[in-house]
């Protein structure tokens, strides 16, 4: 009963101010209290992936914590993993506000934040100061390039982030798919993608052998370009693929006054598109690397659809904004019920189930 009233209050504030207030509250949660308040995750949801152990598939997508390292408070919500970022080598303010917009009727957001963060050095110091007791699961760091860095020099930015942040990350994610940094998505083109990911994978192997490196792809790639990106990424040495980022499409929200705002759309309108991209990545990867599903997950059924489409892990952000602090617990409990309903003993048994069913049916 508390969340509806709190949501009413927060949703009457500017979206970015509401985010700062919520994030600030989570930042102040001490590790001991976080462990006491953290909801139990059903044991059948445990996942082994990327050489790491997760107590469930549901994690926090990059974008919520941009380097403040509010680790304990975020794990207290029930997440199995938390992804920090996007972090750039040098501090940057991001785009001019207003830059975050709610489309409440559609349970969606449009953002053009622009990688606002304090930079890799500050983020590294903050992560170094996080006590071990606050880390209740894997912590990933999502990295990008500064807005002022031309694409031909982008690799240096990503390598600088890897060098500074890898000691504090259980895995790293190369973000080349945000629509809010001019020209960034061009790095998904074959030659640029291959060179960038080979450089990043090689550097991480030198600095921290065995540590996973993932790449985050856009949902707006053509089927052919998506297949090519998956192949190039795997050949370059990535350990997994995050599918997807926000979309430039406004399908389903065209008439909303905020639909005209520049930026990436997230939330419920992205769900079907993101799930289709997860499925295609899963088919193309053919078991070579795991897929992390992200985009439009607003309930347990949506998370389960991502898993059945091929996601081993699932990340959320906009669903948390609309669903509140009990959102992750509801996802986990709902997933356990859905697995049991369909006769799956573990998440791993359900991964790609819809793809395999379709293949057996000749679809």
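Heads up, the Cβ atoms here are built off N, Cα and C, so glycines get one too.
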Among 175, 180 - the residue Swiss-Prot places in the same FMN site as 62, 63, 64, 65, 66, 86, 142, 216, 244, 267, 296, 317, 318: 175
Number of other Cβ atoms within 10 Å of the Cβ of residue 175 (substrate binding site) across all protein chains: 28
Proximal but sequence-remote residues of the same chain as residue 62 (FMN binding site) (Cβ under 8 Å, at least 6 apart): 83, 84, 85, 86, 140, 142, 173, 175, 216
Output field, substrate shell: CB within 8 Å of site CB centroid, site 66, 111, 112, 113, 114, 115, 175, 180, 245, 246 dropped: 63, 86, 94, 178, 179, 181, 263, 264
From 64, 66, 267, 317: binding-site residues whose CA lies within 10 A of residue 245 (substrate binding site): none
Shortest C-alpha distance to residue 114 (substrate binding site) - which of the recorded positions 66, 178, 267, 317: 178
C-alpha spacing of residue 178 (active site, nucleophile) relative to residue 317 (FMN binding site), in angstrom: 15
